[in-house]
Each structure stands twice: as structure tokens, then as C-alpha cells.
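> This is the structure I want to talk about, given as C-alpha cells.
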Amino acid sequence: MTARRAPAVNRDVLERMLVDGAASLDVALSDTQRNRLLDYVALLGKWNAVYNLTAIRDPQQMLIQHILDSLSIVPHLRGRASARVLDVGSGGGLPGLVLAIVEPDWQVTLNDIVQKKSAFQTQTRAELKLTNLSVVTGRVETLRPGVEVPEKFDIIVSRAFADLSDFVKLARHLVAPGGSIWAMKGVHPDDEIARLPEGSRVKQTMRLAVPMLDAERHLIEVAVDEAI
């Protein structure tokens, strides 16, 4: 499959939504980054017709619920000149693909167990020329630094992977010293936090405000003893 741009009128509408949304999040986008994000929406819509990557079909809702939702975490993750990032259960590439676009100095790895999703991620990487992005297929708990992945990660993030306690249990062996696990959630996950495994703790909880989306969003940062 090759990238297909959305019809001009639709792309213009999406571009205005993206520009306004990114500005409200205090995320500056270059022309290249903006165009890559819009091309990503077009690719996601095209592949979704065949591979069912997301339940959201409308391009404007894709932009809000996928792109802007992913961009909303960027200000909280920044502060590193470079970072190694693992996106667990990435699906259609969220949020990792968005992070790779807006943070070109970060090395981002997308992980999923479904081959067709990895195929979409790989194709999107090629079409958008994201040299800082890699894709690995398999269960996160089986990934080994120096084997399936090059090394441990400073940031391990997930948007829709699992219960927080399960996420921490499965991914904690991949956290680099000084690194953290970051979970994107809807309503504040009090019950999930209460079930966090021994040797892990919440460092901070942030309420996210996603432009044009009337829904609760939270970002939870978890530290694990292995990364101290």
C-alpha cells in the first residue's frame, strides 16, 4: 500500500484542527511534522478499511481521539535531549508513532503481538521515512534487551494495553536505570493503582486535557525498583 492523501478539503479541515490542537497543548510542529501526522491519519484510514486497526472511522475523530490524544502526553515526557521509548500494545502505532514524528531525537520502538498491526507500523515507518522508529512483534514479557530489542528503555508507554498492574508486571524488566513506565488512562485508575505489584509505586498522576474531546484522560508515571 502507498500513502494516499485525504481529499484537499478534508485535509485542510484536519490541518486546521491539528494546528489549533497542538497549539493548545503547547506542542510546536514543523511543516514536516504536521504533514507527516496528516499523512499518518490518511494511512490509518486506508489500512483500517482492510485490517480493522481502530473502531474510529471518521478522519476528524481519528485526529482528535488518536493524534491529539497522543500529543497530549508530549509535554509531560519531554525533558530529555534523547530517549529510548517503547510503546507496548501499540496497535495502529499509538502513541509511539506520534512520538517518533514529533521527537526526532528519540529512538522509538513499537511493540504488538498482532502481525497485521506490525505490518501497518512497518509500512507507515517506510512511507513517512521515520528513521528513528523500529517495530518488534511479540509479547512484551518475552522481549530481551540485546536480543529482540537493542537495550532497556527510558520511557515505556501504553495507551490501551492492559490493567496498570499487569502492564507493570510484564514490562518492568525493560526499564532502564532512571526510567519509568507511563500509562495513558481514561478515568483515574484508583483500583488499578491499588493493585500495583511490590517494588513499584506511582511517581505522579497528571490529568490531561485533550483539545476537542470531552472525556477524562490521565497519565500515570510508575517507578520500579529495577530502574533505581
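A Cβ is built for glycine as well, from the same backbone N, Cα and C atoms used for every other residue.
So Swiss-Prot has the following annotated:
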- G89, L94, V140, E141, R159: S-adenosyl-L-methionine binding site (BINDING)
> Can you give me the same-chain residues 6 or more apart in sequence from G89 (S-adenosyl-L-methionine binding site) with a CB-CB distance under 8 Å?
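Correct list: N111, D112, V140, S158, R159, A160, F161, A162.
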> In whole Å, could you give the widest CA to CA gap in the S-adenosyl-L-methionine site formed by G89, L94, V140, E141, R159?
19
> Reduce the DSSP letter at V140 (S-adenosyl-L-methionine binding site) to three states and note it down.
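Once the DSSP labels are grouped into three classes, V140 (S-adenosyl-L-methionine binding site) ends up as helix.
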> Tell me, if you would, which residue among L94, V140 (binding-site residues) has the fewest other CB atoms within 10 Å in the structure shown?
V140
> Including all protein chains displayed, how many Cβ atoms other than that of E141 (S-adenosyl-L-methionine binding site) lie within 10 Å of its Cβ?
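Other Cβ atoms within 10 Å of E141 (S-adenosyl-L-methionine binding site): 13.
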> Can you tell me how many other Cβ atoms are located within 10 Å of the Cβ belonging to R159 (S-adenosyl-L-methionine binding site)?
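For R159 (S-adenosyl-L-methionine binding site), the 10 Å Cβ neighbour count is 22.
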> For R159 (S-adenosyl-L-methionine binding site), which of the three DSSP-derived states applies: helix, strand, or coil?
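For R159 (S-adenosyl-L-methionine binding site) - judged by DSSP and reduced to three states - the answer is coil.
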